[in-house]
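Undergrad: TrEMBL lists these features:
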COMPBIAS  A:91-105  compositional bias 'Basic and acidic residues'
REGION    A:91-114  region 'Disordered'
SIGNAL    A:1-23  signal peptide
TRANSMEM  A:64-82  transmembrane segment
TRANSMEM  A:131-154  transmembrane segment
TRANSMEM  A:185-202  transmembrane segment
Amino acid sequence: MKRLVRENALALCFLLLFLVTLAGQSVAGAAAFNEEQVAEGGSPVTWAHYVTSSSFAVDVAENWQSEYLQFFLYILITAWLIQRGSPESKKRGEEGLESDAEQKVGPHAGPGSPAWAAAPGWRRTVFSHSLGIVMGLLFLLSWLAQSVAGLAAYNNEQLAQLEDPVDWVGYVTSPDFWNRTLQNWQSEFLAVASMVLLAIFLRERGSPQSKKVGDPHSETASTG
Amino acid sequence: MGIRATAVVCLALVAPALIVTGCASAEDTSVAGTAERFLSAAGEGRGGEACLLLAPRAARSLDDCEKQIVSAGLRAGAVRGVDVWGDEARVRVDGDTLFLHRFPDGWRVRAAGCESRPDQSHTGQPYECEVET
């Protein structure tokens, strides 16, 4: 058990942080929601009512979609574009999908390689892009969830303000939907660009996301 | 996939839709019922009954709720449409539009005698209402 925890500590740590912060968001969100309800002449709702509401769902989904988009694009783009000096980047000349030998697929697969890495045809193709595919799907599903929950939350607000509700097409072309979407995207892209650039010149001793402390600034694709 | 597994998957996919649809129509009936009772009471001079169906803030917005609500010109009419989104609802009847809010003890009217403004096109122009919070 102790060994299992230690060997999966990174994932467990972030899953725990996720649950704690999601719980925190639900408590703070319910308080903010109730302040608004009372101000509009409505009645406060319970925590259970709030966490099953479209208001909570859209706030969660809009952040999820942007995180999955960030990782989806990062996974895809770092295969093709490099950044000199960044530990997040491949070296110059390595751009692209690389050879089968470098990727250990097909006849180059080793005894420990996953079965689909050695398999011919579509299975190898799918497995070769499985991380990007799943991240991309999670992004699309989260974005769809944002649009559906956002529509419900938006129409709830519209009716509270004595205005007409809109349909799904009306919502996904509305300023509210794109404001929620783009405010999350811009922050993700800024964070990635900051990481790529700052990691050229700054170090975090012991972190695989950083170069070794003594590595030259110009060294690309090294981790500490 | 066997027939039983297929049936289970189908049920899992369809059941939530049925529940949502079922809940939505039950909710619609409840909202429409409140709106109809309110309009009937106001239209037939039963001010006390109508005021009990108003949201507290809407009732307080009238100096003498029981008298003013019956003189607001509200009349019962056939329900033309119900929209429920979360705890808010809009009911359109012949010649009137009402907005309701769900309180712990049920739906209450927060605005009645509402007409859309002539230039309203989802651009943040609320309805104009005879009675509102």
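Just so it is clear, glycine is given a Cβ too, placed from its N, Cα and C backbone atoms.
Automated prediction, rather than curation, is the source of TrEMBL annotations.
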Undergrad: For a three-state summary based on DSSP, what are the helix, strand and coil counts in the region 'Disordered' (A:91-114)?
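TA: Final tally across the stretch: 7 helix, 0 strand, 17 coil.
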Undergrad: Could you tell me what the rest of the chain brings near the region 'Disordered' (A:91-114), counting residues at least six beyond its ends with Cβ under 8 Å?
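TA: Residues packing against the region 'Disordered' (A:91-114) from afar: 79-82, 84, 120, 124, 127-128, 220-221.
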